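Visitor: Below are the structure tokens for one structure; questions will follow.
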């Protein structure tokens with residue numbers, strides 16, 4: 001056989017094996033997601049956290065000369081007044097709310113870990129969890145209220161309460177509104193704990209992680225600052241990593257729970 005037909009034959013064989021391997025890997029991933037729904041939820045959470053950075057990186061490239069929607073340059077181009085003081089206050093409230101939200105989720109994870117039962121006072125951690133969570137909701141609400149006084153955003157009372165209605169950066173702003181409202185609903189569910197029952201309330205309380213994911217999307221997409229290497233970007237990334245760790249602690253079963261399940265299964269079979 002000549003050299004070039006042999007090379008073509010080998011290339012077709014290698015390509016065919018590669019396609020078969022990809023199909024096998026994809027089918028195994030699908031079967032694992034069906035057998036392990038928690039892994040599927042974890043993968044969805046990771047995709048929600050990190051995939052938006054792909055289009056955002058292209059949007060932040062210098063090829064786009066258009067100003068950032070809602071920025072001072074955008075207001076200048078539209079002939080709309082822009083209050084720099086309101087912008088600084090909104091930015092400060094946003095950073096404080098983000099830090100407090102991360103601390104709230106971290107303390108909530110500590111409350112669920114048996115390792116810290118003897119290390120910390122549970123009542124103290126619970127009180128800090130409630131206080132910091134309430135403070136995060138207050139600063140998040142104040143952050144949204146400041147945009148009522150920034151005309152370039154065209155945000156009124158209705159658009160501040162109903163997500164995805166604003167004309168400026170509809171998706172990022174809508175994620176922030178929806179995430180804040182979901183966090184408020186999770187916080188207010190404490191007063192319904194007895195009526196709902198502890199297990200139902202705990203399942204609803206876990207929507208706090210979805211709330212943080214929406215808030216993270218809002219922070220990451222609404223302004224290019226978290227997408228560049230700076231102190232704010234490092235803080236946002238560290239906060240996301242801490243909340244991801246807390247989410248993994250909640251989703252993945254501990255060794256004690258695995259032992260209890262094994263004991264129950266063994267006892268039932270016996």
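Each residue, glycine too, has its Cβ placed from N, Cα and C.
Bear in mind that TrEMBL entries carry predicted annotations, made automatically and left uncurated.
From a predicted model like this one, the values you see are computed outputs, not experimental measurements.
The transmembrane segment feature in TrEMBL is assigned to 89-111, 123-149, 169-192, 204-223, 229-252. The feature domain 'Ferric oxidoreductase' is assigned by TrEMBL to 94-214.
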Visitor: Take every residue in the domain 'Ferric oxidoreductase' (94-214), average their pLDDT values, and give the whole-number result.
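Guide: Averaged over the domain 'Ferric oxidoreductase' (94-214), per-residue pLDDT gives 93.
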Visitor: As a quick check of your reading of DSSP, tell me how many residues in the domain 'Ferric oxidoreductase' (94-214) are helical, how many are strand and how many are coil.
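Guide: Secondary-structure breakdown of the domain 'Ferric oxidoreductase' (94-214): 101 helix, 0 strand, 20 coil.
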